[in-house]
Amino acid sequence: MPSHHNSDELIFFVNGRKVVEKHADPEVNLLQYLRKVLRLTGTKYACGGGGCGACTVMLSRYNVKTKKIHHYPVTACLVPVCSLHGAAVTTVEGVGSIKTRIHPVQERLAKCHGTQCGFCSPGMVMSIYTLLRNHPEPTPEQIMEALGGNLCRCTGYRPIVESGKTFCVESTICQVKGTGKCCMDQEEKSSLGSQEKLCTKLYNEDEFQPLDPSQEPIFPPELIRMAEDPKKRRLTFQGERTTWITPVTLEDLLELRAKFPKAPLVMGNTTVGHNIKFEDKFYPVFLSPLGLPELYFVNTTDDGVTIGAGYSLAQLNDALQFIVSEQPKERTKTFRALLSHLRTLAGAQIRNMATVGGHVVTRPRFSDLNPILAAGNAIINLISKEGERQIPLNGPFLEGSPEADLKPEEIVLSVFIPYTAQGHFVLGLRQAQRQENAFAIVNAGMSVKFEDGTSTIKDLQMFYGSVASTVVAAKQTCQRLLGRSWDDQMLGDACRLVLDEIYIPPAAKGGMVEYKRTLIVSLLFKFYLKVRQGLNKMDPKKFPDIPETYLSALEDFPIETPQGIQMFQCVDPAQPLQDPVGHPIMHQSAIKHATGEAVFIDDMPAVDQELYLAVVTSTRAHANIISIDTSEALALPGVVDVITAEDVPGENNHKGEIFYAKNEVICVGQIVCTVAADTYAHAKAAAKKVRIAYEDIEPRIITIKQALEHNSFLSVERKIEQGNVEQAFKHVDQIIEGEIHVEGQEHFYMETQTVLAIPKEEDKEMVLHLGTQFPTHVQEYVAAALNVPRSRVACHMKRAGGAFGGKVTKPALLGAVSAVAANKTGRPIRFILERGDDMLITAGRHPLFAKYKVGFMNNGVIKAADVEYYINGGCTPDESELVTEFIVLKSENAYDIPNFRCRGRPCKTNLPSNTAFRGFGFPQATVVVESYITAVASQCNLLPEEVKEINMYKKSSKTAYNQKFNPEPLRRCWKDCLEKSSFHARKKAAEEFNKKNYWKKRGLAVVPMKFTIGVPIAYYNQAAALVHIYMDGSVLLTHGGCELGQGLHTKMIQVASRELNIPKSKIHLSETSTVTVPNALFTAGSMGADVNGRAVQNACQILMSRLEPIIKKNPEGKWEDWVAKAFAESISLSATGYYKGYQTNMDWEKEEGEAYPYFVYGASCAEVEVDCLTGAHKLLRTDIFMDAAFSINPAVDIGQVEGAFIQGMGFYTIEELKYSPEGVLYSRGPDDYKIPTVTEIPEEFYITLVHSRNPIAIYSSKGLGEAGMFLGSAVFFAIYDAVAAARRERGLTKTFTLSSPATPELIRMTCVDQFTDMIPRDDPSTFTPWSIHVS
């Protein structure tokens, strides 16, 4: 940091150590400071906007008034380092370390299998740890609340919650519903109908060290002395471009406010920080009144409560909870409304940072609290040098009208919230993409007062958020309804009036216009019902109650702590104790994940002279590049060079993939050039100054529909056909035709794409460290770009923070971009994509459009199906052709249709190229299959599960491409799933529920699965390994597979342990590298353990055959003796293992082949409840039966199944990518792309690994990495079932189509009713929508 003589010293503590920063820069946040200055890399960067929790740390401050220490969680990426004066920071390193001792939180997260890739684990640890510092014996609800702001993309959350629940006082694991017995006591269960024992214990809680709160580090006494120092003075921190001033008295603050009226007041930095990072705002001066005692108080009077502006939203929550517990119910209606929203507003970290004053004064358009405060007649107390005054927190204030606003020199001192009286109702309502940690799509605060003893409206207020650029008041509507009676006629008028008054233009930013209009009236209806209910409670004789079938409409979905059981095959008692195969072994890096000591690429120390790289990407979808002006960028401080296509020494276009755009851009997000500078801040600032002139080219193709119109494809059509489809259509009772759209999905791996490229002094060598699934591919592309032999390029891969297919091909492109920069500058390059750039550049799952024609008999037997699939491939080939082939080959799923034709083709569009993603086309294609099965059921008046049963493969058969298989495990999974989930009984119960509830509906669905692993190209299935035995008997194991969190290395250690007959503690696995195992193929297609396991087994068997003569001579000897003797006899202790791979093939001319080595079968059942008024849904229960054959590691395999299921559930429900009609991706971070949180997982979650045989694979195991993804569609079809029930009740019996994802918007708009009918609709030809679907 630059030297500034007039700067004060910033003093704070980190993990008990004092930090004195003489040159504190206001533009540096705590995350950067921890990682780059203090080299504490356990705290991770994953989004930079406080939305994912990966950078969670604990802040502790001393309160002079109460003499108490306040511990709370924060996201370090939003905490300016200058705000930390006098605070103590605890990071994951300060909680525990493998070098000293690990903390119980870290130990339990690891041993409960709550970590997979490990990138989110330090944040999870810190969230639970902070909770335990405040509540050493937490409730399960507190655990759920503490984790609400932390995202995990691997585990599906269940084991993370379970690790937290081990600290709760009551029973930590579920009491199996109805039995009252703890499932964990049932160590072994006899599976129905077979004698096979099933185990349910994935870890042993007896191993856990107890939590001892007395052992936690103390708060530094020096900070207490500093806080209590009567001579405290104003602090000023002068940065490179900005100044930070911390006043210590209110008087001082008001002086500064008068002097710098435009300077933001920074408390939690949740708004200002966000504006700086994402809106490019620049503020020369910051004022931070953090800790000013006058801003922190609660004052209760007879009229209401005054809350200090400095209170965090979490402190506001605690204060309101206390008041609600003390006061009569009718006085606290506003407080209760606020509390219901505070539970789900953002995550715990943001609630502990954002302040009451900040929230009120910034007036976010999506604010959940301000509409309620306005409806509750709150008053804002202001202060300036001129004195104090009050302004109402009302419509004009929220809408930003100048006469109702603060004067420039004023600040908010506090907010007064009045009590409510009897006959005064206040309610807050909201609907978001997901229940917690998501901005509202529409929210509202409403209140009504009645003339005494009547239902005549005396005063009415309605405020809506997220429907305009500010929160808006429906004042004319309210005015016109005064004096009216609170009845159905008033409601009808109110709906019409409010829709007239609050007009959302059809092209409004944010889209979802018709949905928002519907929510405006749906939420009003909920308020109407709630008030009717309240009136009835006051005087049941005078005011009739609402219909009983309407009652559930008033209840929000509760946030329950998930419960469940995981069942798997017990290990044979005869198996040697030392042999770890079949045991639920913890991930080999789990403890390191939980302590933050697992090293990811950006955690590697800085290399001498390294530069940072920032990208400049195309802003046009299809255009000629007229000029690139880099002069302004090159003139900025710290900038070393700008790299363009001219600087690529070798191929700039390798196999159709373009590294740097040259002359032309073909999508928004294509890399045009990169800037290399001494810091990332400098590189990014310079990247913004590169000026590119474009000239648009036609056609610009964004959607599949446009591609079909322009005949724009990436490869030829693929087809398989059996029987005679045309002939069969002539002999069926019914034919249905339909179209289905399946939108794409973002990988959202927690660790963004990261490359460290180091040019060597000699021989044009280049070393790359990166997180990838395919190091050989990176090596190939870098060698091509640099025009050097592949032997000069070394790629090292230790671990990746999640990948899911997104790190198969994309790291090769980014590796080449980095290597070219390293080659040009001659210096090491650190290239870390920010989350927004990662989402923009690397794309994701292919959007799909399908057309089907199905012929069937009235009894549900399907005779013929003709299906056409088109996928949106994007602008370059990538994996699109192979994805299309997989879709076509797998498109029959579990159904035996005698006359079947399937065609597929990838479309070429001007979007970033879509790529591999878990399931590789199967999750998109099979949702189409299940949809037409469901449509057939509807046409035949049968249940979907009946039609599935009728058409499912029943005996040894051949697929449509002529490959033999035996569906017996499929039948077993299906049968078990129906029986053990009590499907039929629960379906009946759901029907009963639906009869009694008009606005909430339950739905159940069960889906079968026939999945395949591997690739139809034999040489793609080969693998190699290298095993060294050292003279002390320790073993170094290397293979060609990559550790992405899926536990591959853990399984390989288990294999080596069994084959060498030594404890796994003797075996070390360091990294994957092109130096040790050349030409290794991708770790993908669920076959990482299959093929690498065989290679490791082969190497170990070669070594054991060499040692055999020695062991025979000395059978009682120790391993170390045998190894020493072998060395003395000049026997090689190093071996290469090789596996030729599964001999798969596919002949597309003949449309047949042995395309896949084997099949993975499964079935899942899901039950949901849908709110027909808002489109929200709640997943109540999931049962999964997965054919695992023999699981090498049940903990790892169950983790894969659960994680894939939750990722699949997200794909089919809430994960929605939004593009502009011009091809610009809007969804570039956790704020606007919602993956499931801990709140979305099933309330009851049961997983069973079903035992079968699979002799072709190592130890008769099966690859389960991807199979669970499609099982998430059970949730989609359960939603379909619930929506169908709602439609039937409303007289809509026609078969309907639900496209994916089934977002709240789609659910609500498909549940057609009087509210969807009354909204204004716009003619699509008269406007350009804000966003479009690209499928």
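Glycine is no exception: its Cβ is also placed from the backbone N, Cα and C atoms.
Since we're looking at a predicted model, the values are computed, not measured.
Per TrEMBL, active site, proton acceptor is recorded for E1266. Positions annotated as [2Fe-2S] cluster 1 binding site by TrEMBL: C47, C52, C55, C77. TrEMBL lists C117, C120, C152, C154 with the feature [2Fe-2S] cluster 2 binding site. Here TrEMBL flags L265, V266, M267, G268, N269, T270, T271, V272, D368, R430 as FAD binding site. The Mo-molybdopterin binding site annotation in TrEMBL covers Q773, F804, R918, G1085. Taken from TrEMBL, the feature substrate binding site covers F920. What TrEMBL lists as domain '2Fe-2S ferredoxin-type' is 8-95. The domain 'FAD-binding PCMH-type' annotation in TrEMBL covers 237-422.
Looking only at the binding-site residues C154, L265, the densest Cβ neighbourhood within 10 Å occurs at C154. Taken together, the residues in the domain '2Fe-2S ferredoxin-type' (8-95) have a mean pLDDT of 97 on the 0 to 100 scale.
Of the candidate binding-site residues, C55, C152, R918, the one lying closest to M267 (FAD binding site) when CA atoms are compared is C55. Calculated from their C-alpha atoms, the gap between C117 ([2Fe-2S] cluster 2 binding site) and the residue listed as 'substrate binding site' amounts to 20 Å. For D368 (FAD binding site), the spatially nearest entry among the binding-site residues C47, C52, C120, C152 is C52, judged by CA separation. Checking each of the recorded positions (C52, C55, C77, L265, F920, E1266) against C120 ([2Fe-2S] cluster 2 binding site), the C-alpha distance stays within 10 Å for C52, C55.
Comparing Cα positions, R918 (Mo-molybdopterin binding site) lies closest to C52 out of the binding-site residues C52, C77, L265. The binding-site residues near C52 ([2Fe-2S] cluster 1 binding site), taking a 10 angstroms Cα-Cα threshold over the set C152, Q773, G1085, are C152.
Cα proximity to L265 (FAD binding site) (within 10 Å) is found for none of the recorded positions C47, C77, C154, F804, F920, E1266.
For F804 (Mo-molybdopterin binding site), the nearest neighbour among the listed binding-site residues (C47, C77, C154, N269, T271), judged by C-alpha distance, is C154. Those same-chain residues not listed among C47, C52, C55, C77 yet with C-beta within 8 angstroms of the centroid of the [2Fe-2S] cluster 1 site C-beta atoms are L31, K44, Y45, A46, G48, G49, G50, G51, G53, A54, T75, A76. The closest partner of C77 ([2Fe-2S] cluster 1 binding site) among the binding-site residues, by CA position, is N269; the full candidate set was C152, C154, N269, G1085. Within 10 Å of its Cβ, the residue among the binding-site residues C47, C117 with the fewest other Cβ atoms is C47. For C55 ([2Fe-2S] cluster 1 binding site), the same-chain residues lying six or more positions away in sequence with a CB closer than 8 A to its CB are L31, T43, K44, Y45, A46, T75, A76, C77, G123. The most densely surrounded of the binding-site residues M267, F804 is F804 (count of other Cβ atoms within 10 A of its Cβ).
Taking only the Cα positions, the spacing between C152 ([2Fe-2S] cluster 2 binding site) and G1085 (Mo-molybdopterin binding site) is 22 angstrom.
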